[in-house]
């Protein structure tokens, strides 16, 4: 590869072009280099080797049945206590009614994540999955992070495997990747002390994969973590993916510095920079060689930067969302949803091929043009 300005990238580029795995030290170089054009070219080489110009999105709706939560993560602006202003807590019928009001033809995914409610029994969550599958046949339910599965395990006094088996029998199709934050214990003690441990998160996803439940993985960055801790997070995911092959995508999530305790403690008002976001996506694409997709989540990146990210290793921009709440309550300035046409246009204008998918990355439609 010609035009490499940082000599440290030469052996890394050779590995990438030969399809060889990068080391932890290689990953640190990618985070440190100022040769961003080469970093971009390498990440794009891998994305096109895996998927060509195809870029995926899903027709989805986001549902948060409650924001009542006892966990107290310091980065969260979503959580509320009982009786607190802005708190909500829906029963099964209210969730179904809410989705029906916003249902659009062609919807393929209902994405459920919410607070850790201290009083709802596990049966409520099973009933909710069943009700959604019954009322919206053919729509896939992607529901509850490993942190929520850990919570269900505690309230039901059941091992992870039994919780996941019951959810799958109720109709669960896939799991999102939230709750991972940063695996480093130093960071988790500060930002998510009461949440599932890193080891617990990984064990839940390992168990889900063994049961045939595909999952995703996230990383929250741009707060107090170091570059080494970001890479350690990816390294643990890569090792689990070697073992199970059950992850579909990796989604880096930029910290949103509004209305939360962590931002106030840090005196932080600025969002991550575009270059940090793009570098992070590129490093992920190069380091996580066994992950099918790296997702540029437009709700935190902005639609414009998500479009640029398609040259930095990204092959998925998430979906229509339809009233996403969690990152927007933390200050994300992006829209709460985009139409399929808007997403397809973003992808087409970047010179890529828009592919509408379902929750399991099965192709639904290839968009060859977008009508004005």
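Yeah, the Cβs are placed from backbone N, Cα and C, and that goes for glycine too.
Straight from Swiss-Prot, the features:
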type    : residues   : note
DOMAIN  : 53-292     : domain 'Radical SAM core'
BINDING : 69, 73, 76 : [4Fe-4S] cluster binding site
Env. residues of [4Fe-4S] cluster site, Cβ within 8 Å of mean position of 69, 73, 76 Cβ
71, 72, 75, 78, 79, 115, 116, 192, 195
Other than its own, how many Cβ atoms are within 10 Å of the Cβ belonging to residue 73 ([4Fe-4S] cluster binding site)?
23
With every protein chain in view, what's the tally of Cβ atoms within 10 Å of the Cβ of residue 69 ([4Fe-4S] cluster binding site), excluding that atom itself?
20
If you count the other CB atoms within 10 A of the CB of residue 76 ([4Fe-4S] cluster binding site), including all protein chains displayed, you should get 22
On average, what pLDDT score does this prediction assign to the domain 'Radical SAM core' (53-292)?
94
